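Quick look at what TrEMBL lists:
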TRANSMEM  C:55-73  transmembrane segment
TRANSMEM  C:85-105  transmembrane segment
TRANSMEM  C:111-132  transmembrane segment
TRANSMEM  C:139-164  transmembrane segment
TRANSMEM  C:184-203  transmembrane segment
TRANSMEM  C:233-258  transmembrane segment
TRANSMEM  C:278-296  transmembrane segment
TRANSMEM  C:303-320  transmembrane segment
């Protein structure tokens, strides 16, 4: 098991955001976290990582920080880069938890592999802040890949990307899962989530409303309860298309 | 100076002021030395401060003033003795109220001290007392004056200031027979002297300013280890007799013996 | 980066030497260095060892401390506008120092001076970290800094005005602008040890500050403990800025100018910027202190005047650039 959450409850500013969430992630899964705005998706990820205090347990939060950082990489929703560092230096930040700290031979290999995988070779020496949004996003994902962890937690990784970049990102996550890693990503586009994720978790008002296969989660009654919408499903050769109506 | 004497001489004879208020530390003391009983009705509050005034005990017998036009006007004086550094607005207001205000300059040399004694005698109509005081001053001065060169001395005050020969402190040094180090650096009046120049001058005698209560960075310079290293056990401290150009400078000269 | 680490240390050494050889006495170079190293009779060794040496050492040490603290603060707050002097940390340190001096505490035990100053600096940097941590924007930071500066300045003026000493009130300018004139070796011994300790606390945070490039949450996910980092930096910055201010007054803009100038040379990585800024700060302050002695030799021109003339236009330019949400 890569991540086990049991009975997580979180209160922020006297307002409960998570109620007794339990969840287990296994190797090779690409888990899509879906739910309306304010359902607690970001809080769930941050709590799982041990970044905010909670009741209940997360198998990650109990690890020492350095060990946790070698177990799970995190792509926060904010893509803000504070300083004009080069793409290479940005990706190297992913090696901070490892013994070489970014300078060792293993670090070089991991950094080069991450840069190559994200197609960033031409941008290696360029200042990350000056790249386009899509390129910046790829550099940030490369940073998480360089961290070389069994688990990747990504908060809305495809928000703000053009369709090609969205597809590239989700394909990458599916590949990572196929390699035996685990990806947990919050996704708003139900259609894309249905096409790429191996499993969905539907969160509403701090509760897990449903957890399982795409078909088991994207049920009309559940979606109506969570989002207050109905959807029309059209099966296409490339997978189900889901239209909110 | 000559002009001041002429003004004093031009005053109608027998018109000696009867209610005199002094609002300047230095004129306070000269006036106390020369005034007839009851003639001087108020001196500045500073004159009662024993840190500043050698005559603090005597000043305690007078009503103190804090130099504001209103309180001085209410004392109904017929002569106010201010100083060069009295705020001009205060002087103008008192004059506007029809009060005679005199502002003698501070004495910065022994000759000026003598002239100021005479001037104060004229202002108060006490020429005889002034002549007697002057005679005493001349006799005391002759007794303490040391014309023979006794070495080189440096004055050193807060913020690294020193006084040259054209100042009262410089005159005191000269009368005590010391050459003034400030002259070596072209300082005639009061100006800052970098500490390393002071140390390089190797004075035989260092005379530092007195410290005020409380603490300041400005005065901390007087505790700098370089001064102690350059002039071990040599420092003397100026006191209240160094402040005003009045006969008390005799005590200051004597303190340098 | 290589270029800097080769160029900066010799530059610091050369400027330290130049500082030792600058002064109104116009002493010969070989005789003054001989007197400095070997002593001897007469006033020359006193001038070199008791007057010029403390000034040169403090120029290098205070400059290095301010440069390092500036770079660390900017890295932690993720903001190029952060500077110990501008946002009131130096001002709070000055308030602490003034209180120690005016209550006579520093007379009873000289160590009280750096200690109260670092307590003041710690209060200032702690307040700032609470108000504008890594998540706080420029506006929060600058407003918090303005408030803390104003409070510290008013407190300092109040304490000095209440002093029975007539000179004390005029010293506000020293505490606001800073000066290295006529400092003694005692000041070096009071400031140096805590500043070294502060640097020892700050330097190991280099990788954590690198991680903060990606934001606080990402840094935490990289194994950075936010709480430990915050306390370490508060302590480290207080230990460097506090004693530096206690002996030299509040010298502004060093911690702003130096990291800004050096950032492009180190690839903008905070980890490389920290040691470079320490060296660069020493260079800037030594140069400024030599300049104040050459420009108006007979007056004690305050160091902060010079650093502000260089730094304030740069600060305005930075505000201009960050105004529209752009990054440096």
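Each residue, glycine too, has its Cβ placed from N, Cα and C.
With pairs at least 6 apart in sequence, the transmembrane segment (C:55-73) and the transmembrane segment (C:278-296) have 3 or more Cβ pairs within the 8 Å limit; the two touch. Tertiary proximity for the transmembrane segment (C:55-73) is limited to same-chain residues at least six positions away from its ends with a CB under 8 Å from its CB atoms, namely 12, 15-16, 19-20, 82-85, 87, 89, 125, 180-183, 187-188, 191-192, 195, 198-199, 202-203, 205, 209, 233, 236-237, 240-241, 243-244, 247-248, 251, 254-256, 258-259, 270, 273-286, 289.
For the transmembrane segment (C:184-203), the list of distant contacts is 49-50, 53-54, 57-58, 61-62, 64-65, 68-69, 72, 110-111, 113-114, 118, 232-233, 235-240, 242-244, 246-248, 274-275, 278: same-chain residues at least six beyond its ends, Cβ to Cβ under 8 Å.
Listed by sequence, the residues of this chain that lie at least six past the ends of the transmembrane segment (C:233-258) yet keep a Cβ under 8 A from its Cβ atoms are 58, 61-63, 65-74, 76, 80-86, 89-91, 93-94, 96-97, 100, 113-114, 116-122, 125-126, 129, 174-180, 183, 187-188, 190-192, 194-195, 197-202, 205, 277, 280-281, 284-285, 302-304, 307-308, 310-312, 314-315, 318.
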